[in-house]
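Trainee: Have a look at the structure that comes next, please.
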Amino acid sequence: MELFYLIVFGGLAVVVATMELSKNNKDRINTSSAFNSFKNNYLLVYSLMMAGDWLQGPYVYYLYTTYGFGKGEIGQLFIAGFGSSMLFGTIVGSLADKHGRKRASVTYCITYILSCITKHSPEYRILMVGRILGGIATSLLFSAFESWLVAEHNKRGFEQQWLSITFSKAIFLGNGLVAILAGLFGNLLVGSLAMGPVAPFDAASIFLAIGMAIILASWTENYGDPSESKDLLTQFRGAAVAIASDEKIALLGAIQSLFEGSMYTFVFLWTPALSPNGEDIPHGFIFSIFMLSSMLGSSLASRLLARASVKVESYMQIVFVISSASLLLPVITSFLVAPSKEKGGSIKFAGCIQLLGFCVFEACVGLFWPSIMKMRSQYIPEEARSTIMNFFRIPLNIFVCIVLYNVDAFPITVMFGMCSAFLFLASMLQRRLLGVAERSRQDKVRELEAEPLNI
């Protein structure tokens, strides 16, 4: 393996370890033993859920190719997954608010396990059913668990600031360390042990089953609005009214869609960007480098969120600007660095520069997740939390489906330029959100001051 990759990986590992080990009292929040027990239980479950998700990711496309499907058919399968998440996401989100977030979390496990089982069949129709089930599961993963956590945290009377600890640790572990270990474990199953491309999906099912058992044994149920008089249509209408009537919620949804849309587009673009002429790049090792970068971001987020004087709405403006600049790098290098015509070989100089920029973007992703979770916990009303969170994913899934359908229609520099523009727009909306939130706080203070004292 080239020295360049090892240097980048080693450098990031040293920085992450140093940041974690050098935390002082200012970077930590004093909590109770009851909260620590609650937090550790959630982190264990969340890590198992993410392990089940990460084990599958690198092998979905590969599995389909081993069954003899072409790029067009595989593209349709991927579009079905995102389309399913878009169509059914709001429905399952509303059901989670009405019938319980614990029940929705268990449904996630069952749905994803069924999706994994379909991978044993080479039949296109069965694989399509699996992708639809996977799309539904993804909607539950990114709404039910967070909704359960926020409601349970508040129900148990823990301090609001302590939520940021759970958020940052969940991203550090679930989207960082677990992702790296899952990648290595999947490579062991498929490569070293030669168990075939379905093996990671079977392993994912086991992790999901273990997590489901812990949920059933240790979680209590909580709801958004369990009122029997409210049907799904009423819940949808209530969520839509909440978004339309509160500018903070609408801005938060737009920001999330812009960032996540760019992030998922990046997933499809980084490989052709680093190997435009078929260069031999270690995909698994680069994935690990990206996850280390994400861990760096989440570690930094935990420090920022631990300080009451630091406003998440404020520093996220900078994060979005930096992420915009990092994805503009491929466009800049295409003008400044002469493209190589040599086929194959190792990564070129332009690829090295872009890889470093992509590491910066992944660090921004690590900062984004706990920060957006913190803002969602502040602004989204509890009674429709899962429904509104899945409403946010509708424009995201539409965007990703359009990108997937037209991925070959535009030059890669145009796609990166578009993502960069979206991220810059997100920074502008974040600035607007900061202003609106500040005015809202000032209005509440004036209302409190204007209230007569009850003596």
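Using N, Cα and C of the backbone, Cβ positions are placed for all residues, glycine too.
Remember, predicted model here, so these are calculated numbers, not experimental data.
Annotations for this protein, taken from TrEMBL, read as follows:
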TRANSMEM  6-22  transmembrane segment
TRANSMEM  43-62  transmembrane segment
TRANSMEM  74-96  transmembrane segment
TRANSMEM  129-150  transmembrane segment
TRANSMEM  170-189  transmembrane segment
TRANSMEM  201-219  transmembrane segment
TRANSMEM  285-306  transmembrane segment
TRANSMEM  318-340  transmembrane segment
TRANSMEM  346-369  transmembrane segment
TRANSMEM  390-407  transmembrane segment
TRANSMEM  413-434  transmembrane segment
Trainee: Flag the pair the transmembrane segment (318-340) / the transmembrane segment (390-407) as in contact if three or more Cβ pairs fall under 8 Å (sequence separation 6 or more).
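Mentor: By the criterion, they do not touch.
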Trainee: Quick test of the contact rule: Cβ under 8 Å, at least six residues beyond the ends. What residues does that give for the transmembrane segment (413-434)?
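Mentor: Residues 248, 251-252, 254-255, 258-259, 261-262, 265-266, 269, 273, 311, 313-314, 316-318, 320-321, 323-325, 327-331, 334, 375, 403, 407.
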Trainee: Would you kindly list the residues that approach the transmembrane segment (390-407) from elsewhere in its chain, counting only those six or more residues past its ends and only Cβ-Cβ distances under 8 Å?
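Mentor: Here the qualifying positions are 75, 78-79, 82-83, 85-86, 89-90, 92-94, 139, 142-143, 239-240, 243, 252-253, 256-257, 260-261, 264-265, 268, 415.
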Trainee: Tally Cβ pairs under 8 Å between the transmembrane segment (170-189) and each listed stretch (43-62, 129-150, 201-219), then give the stretch with the top tally.
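Mentor: By the under-8 Å Cβ criterion, the transmembrane segment (170-189) pairs most with 43-62.
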Trainee: Using a Cβ cut-off of under 8 Å, list the residues of the same chain at least 6 residues beyond the transmembrane segment (129-150) that approach it.
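Mentor: Counting only partners 6 or more residues beyond its ends, the transmembrane segment (129-150) has Cβ contacts under 8 Å with 42, 45-46, 49, 53, 77-78, 80-86, 88-89, 92-93, 96-97, 101-102, 104-105, 107-108, 111-112, 114-119, 163, 166, 219, 222, 224, 373, 376-377, 382, 385-386, 389-390, 393.
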Trainee: Which of 6-22, 43-62, 285-306 has the most Cβ pairs closer than 8 Å to the transmembrane segment (201-219)?
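Mentor: Answer, by Cβ pair count: 43-62.
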